[in-house]
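Below you'll find the structure, written out as C-alpha cells, and then a few comments.
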Amino acid sequence: MCNSFRIGVLGLQGAISEHVNRLKELEQQPVVVKKSTDLHQLDGLIIPGGESTAIWKLIEENKLYEPIQNFANEGKAIFGTCAGLVLLSKTTIGRDYTPTLKLMDITVQRNGFGRQKDSFEATIQAKYMDDSYHAVFIRAPYIESVGEGVEVIASYNDKIVAARQKNVLVCAFHPELTDDDRFLEMFLTMISSNKNFNHV
C-alpha cells in the first residue's frame with residue numbers, strides 16, 4: 001500500500017485485535033475507538049464482527065451513536081464486517097430485534113446462516129476481483145434485500161454477503177481472518193478516493 005491512513009476499529013466488543021493486527025500488516029495506522037473523541041482525525045472506521053446486540057448497547061453507553069452518524073455524513077468511509085454489517089443496516093429481521101445505525105439501505109437477516117455450530121468457510125466470487133475469494137463465515141448474517149443505490153459486491157448460495165452504498169462497505173464474513181486482503185484493500189481504496197479526504 002502506498003498510502004498509510006488512520007483507521008479506527010470500534011473497540012467495544014468482538015474481533016478488535018484481529019483487525020488491528022491486519023491493518024498493521026498492511027502498514028496502516030489503526031486506532032481503537034472507544035469514545036467519540038477517538039473518531040477525530042480518522043480517515044476511516046471499521047465496525048468489527050462480534051455480538052451485534054452487545055456492541056449496540058455499548059455504542060449507546062459510550063454515546064457513540066451520533067458521532068458515528070456524523071462521521072458517515074461527513075463522507076468518511078466505514079467498513080462493517082459480520083455484526084458490523086448488521087449494525088450498519090437500515091432494518092434487521094430475525095428472532096430478536098436489534099437497533100441499528102441505519103447508514104445503509106439494506107435489510108439483514110441476523111444469524112442467517114445459523115449459529116456458532118453452523119460456521120463455515122466457502123469460496124465466493126466478488127465484483128472487481130478476478131479470482132475467487134475464500135470467505136470465513138461465523139454465525140453470519142446475510143442481506144435479504146437492498147435499496148436503490150446499493151451495489152451488490154458478492155453473493156453465496158443466492159444470498160447477498162457483501163455490498164456497498166456510497167461510503168459504506170459491508171460483508172457478512174470475516175476478512176481479517178484470512179490472508180486475502182482484497183476486501184480491506186477495497187476499503188482502503190474507498191478512503192483514498194474520498195473526495196472529502198483531507199489527510200492529517
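Easy rule for this one: first residue shown is 1, then count along the chain.
Note that Cβ sites are derived from N, Cα and C of the backbone, with glycine treated the same way.
Going through ARG110, ARG164 against Swiss-Prot, the one listed in the L-glutamine site together with GLY50, GLU51, SER52, ILE138, ARG139 turns out to be ARG110. The recorded positions examined here are GLU51, GLU176; by Cβ neighbour count within 10 Å, the least packed of them is GLU51. The L-glutamine site is defined by GLY50, GLU51, SER52, ARG110, ILE138, ARG139, and by the 8 Å test on Cβ atoms against their centroid, the other residues of the chain that qualify are GLY14, GLY49, CYS82, ALA83, VAL86, ASN111, PRO141. All protein chains included, GLY50 (L-glutamine binding site) registers 23 other Cβ atoms within 10 Å of its own Cβ.
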